[in-house]
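Feature annotation from TrEMBL assigns [2Fe-2S] cluster binding site to Cys81, Cys86, Cys122, Cys126.
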Amino acid sequence: MPLTTEQQSRIAALVSDHQAQPGGLLPLLHAVQDELGHVPDAATPDIARAFRLSQAEVRGVLSFYHDFRGEPPARHELRLCRAEACQSMGSEALAQRLRARTGLDDAGRSADGGLELRPVYCLGACACAPALLLDGELHARVDAAALDALLAGCLEEGGAC
Ligand code: FES
């Protein structure tokens with residue numbers, strides 16, 4: 001999808017801010033995602049040119065770091081922790097419940113853009129496992145009832161969750 005004029009302008013400004021910075025590519029990509037919610041693939045040629053890299057190198061960085069997204073975020077993003085402490089406290093059962101309730105894979109996105117599931121590997125809340133992030137907000141000691149309530153909250157706002 002081509003960039004909008006506004007996106008082009010914002011990306012150009014951010015490139016200008018980071019271009020001369022040693023190791024500026026990652027901070028630039030984070031800045032683009034912070035501003036636009038994702039790093040559009042259409043921005044890759046300009047970014048590559050600015051950093052004297054190939055487009056493949058820029059795309060390689062984007063794909064290596066799983067937190068970068070190539071499309072706008074869903075209305076709700078739920079990230080269930082799948083690391084060891086949370087696994088030992090029942091995160092796999094929660095993951096199964098999520099799959100059953102949403103019909104999505106562990107890293108799936110609903111067709112209407114209402115919900116995206118993305119695994120995460122430790123949220124720094126191991127003492128309060130199992131934990132998850134919903135729209136950036138930490139929820140700890142999550143059980144099946146709490147998970148259902150969070151999903152219901154998404155549904156109340158409209159659209160499939
Ligand atoms: S392992 Fe889940 S928060 Fe650390």
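Backbone N, Cα and C atoms are what each Cβ position is placed from, and that goes for glycine too.
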* Structure fact -> Around the Cβ of Cys122 ([2Fe-2S] cluster binding site), other Cβ atoms found within 10 Å total 14
* Could you check the binding-site residues Cys81, Cys126 and say which one's CB has the most other CB atoms within 10 Å? => Cys81
* Tell me which residues of the chain lie with their Cβ under 8 angstroms from that of Cys86 ([2Fe-2S] cluster binding site), as long as they are six or more apart in sequence? -> Leu80, Cys122, Cys126, Ala129, Pro130, Ala131
* List, in sequence order, the residues of the same chain other than Cys81, Cys86, Cys122, Cys126 whose Cβ lies within 8 Å of the centroid of the Cβ atoms of the recorded [2Fe-2S] cluster site. => Arg82, Ala83, Glu84, Ala85, Ser91, Val120, Tyr121, Leu123, Gly124, Ala125, Ala129, Pro130, Ala131
